[in-house]
Amino acid sequence: MAPLTKKTNGKRSAKEVSHSEKKLAKKPRISIDSSDEESELSKKEDAVSSSSDDDDLDDLSTSDSEAEEEADELDISDDSEEHENENEEKEGKDKSEGGENGNHTEQRKLLKERKMQRKSGTQVQQIKSVWERLRVKTPPLPKQIREKLSNEIWELSKDCISDLVLKHDASRIVQTLVKYSSKDRREQIVDALKGKFYVLATSAYGKYLLVKLLHYGSRSSRQTIINELHGSLRKLMRHREGAYVVEDLFVLYATHEQRQQMIKEFWGSEYAVFRETHKDLTIEKVCESSIEKRNIIARNLIGTITASVEKGSTGFQILHAAMREYVKIANEKEISEMIELLHEQFAELVHTPEGSDVACTLVARANAKERKLILKALKNHAEKLIKNEYGNIVFITILNCVDDTVLVFKTFSPTVKEHLQEFIIDKFGRRPWLYILLGLDGKYFSPIVKNELLRYIELSKATSKKDPLQRRHELLSKFAPMFLSTISKDYSSILTENLGCQFIAEVLINDELYAQLNEKDQEKYQQVLNNILTTFKGDITEEEHPIHRAFSTRLLKALIQGGKWNNKEKKVIPLKNVQGLGVPFAEKLYDEIIDSSNLLEWINNADSSFTIVALYETLKDQKEGKPFLKDLRGVQSKITTDESNKGSQLLAKLLK
């Protein structure tokens, strides 16, 4: 679910979006349980506020005229009491406490009589008395009692349900009924409310009922609601209450086909009215067929986008979907205007798939000046951007497309330096750095992601001048020392993570990176190797020894081999530039960590035996390996070859 922010000076804060965006499951903007209980009344408007904090109280006290009248009646008592006190002081009379109580009682009686005289007033009071028993959560009601009370409420309300749904307490009654009713009864409620869904969507109280109907309703009832709202979505997107209903409908409840139906409405009224005729059309096909249609669609889309952004709805996923339609057909001038409109709230785009696509397209098609504005807007959100499932794609696109690598490094390096340890062990946070190290390697970038990034690179060719490889090498030369410093400082914790070991291997077994290092950084590189060796010291019979972690063993084996494994040729390709891996590392590992006293123990341990196999394959034809081979022959007869130790079996076979 897109993150929720409050409106500030007509626009929602990008910072608030950044702080609230982390999520694994989409959450509704309008809480399903927000208005079931009185205790939640005080926070239900906070949960969906689309304007200022003052609007929260306004919504509860003034949005519904009858609720306002009730509140006014109750408030009369204080004003009346004060007025009477003043008069009595002038006349020298004392007002008794009993008189005050009598005044309150009289006013409440009058208020109750007025309520009873309203339409369905008697039924509402009867229904509320039953509802008070049904809505109890502690202790939970037995199922039979709950069904009995639900049936009783339905019998009392089925003929006047349309009179209940827009009233404060009465609306909550119907919400509870929807929550605890059977599928058939929910369908009946939906049928009873046909023709009122737009009114519900724009009501401060009715919107909660509408969201409950979407949440608990069947596929057919959702389609009924969508069909009725169709033609009004653009209007709802500009409405304070309605925008949140449309967003939840699009994100949480609509099918892919229904989403397409909803988005086409933003093209214009023609596509809202004749939706079946244009069912299979894409925006590109429509715009190719007629320049006039293209201009109308573009005008309608940017009108909705502009109004929603100014209202503070930039973070809405449905708006991102409309933006994606627009950027598909926008010319260079329109792209520039779009960037001007959005650059201050750019961080609000990156947390949804549609918004990420829009952000990447704008970055790719922007000129140097516009890219600078975008980078400035994202600077304070770098950590969230890089770790986000979709935000990291935007960041990689920036690395791919922005020629000013000095600006990129200057903008993001403070955050990267502080959080790099977290990034390299994060599923998404590590991808930008793997791109800098390896390019769009299929090992880390799926075909879908890779093709998307290649599409953005193609779009950027109109405004980006540098060769992509040159740009990547410039970034590598700037970030490589940071990689080494972080690994050298935090190697002990990084090596306990699978993704961390994988990243260290890609940093160390990398000719491109080593070629970018100066003499000082090369010394730091060797220090990292020494630190890794130190990690493997100790008794391998202890459970906490890193040799018992499969990913740590893979890293050690890769450093011993000193090259990149080629899956096609099924062999290790030696490195050309890197110093200290392969034979030197293997020799040092044996001399300083294993030695003759522990060799047999390493061979007969199932977790470490393949490390000895790697040592043998690397050192067998090298003069540096003579001490190792001599010691190996000395313990050959004591090697155990049981079924649980495949490594020792392989080693025994190689030694024959």
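Even glycines carry a Cβ here, placed using N, Cα and C.
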According to Swiss-Prot, which residue out of Ser34, Ser61, Ser77 bears the annotation phosphoserine? Ser34
From Ser35, Ser39, Ser644, name the one Swiss-Prot lists as phosphoserine. Ser35
Phosphoserine: annotated position in Swiss-Prot, out of Ser31, Ser42, Ser63: Ser31
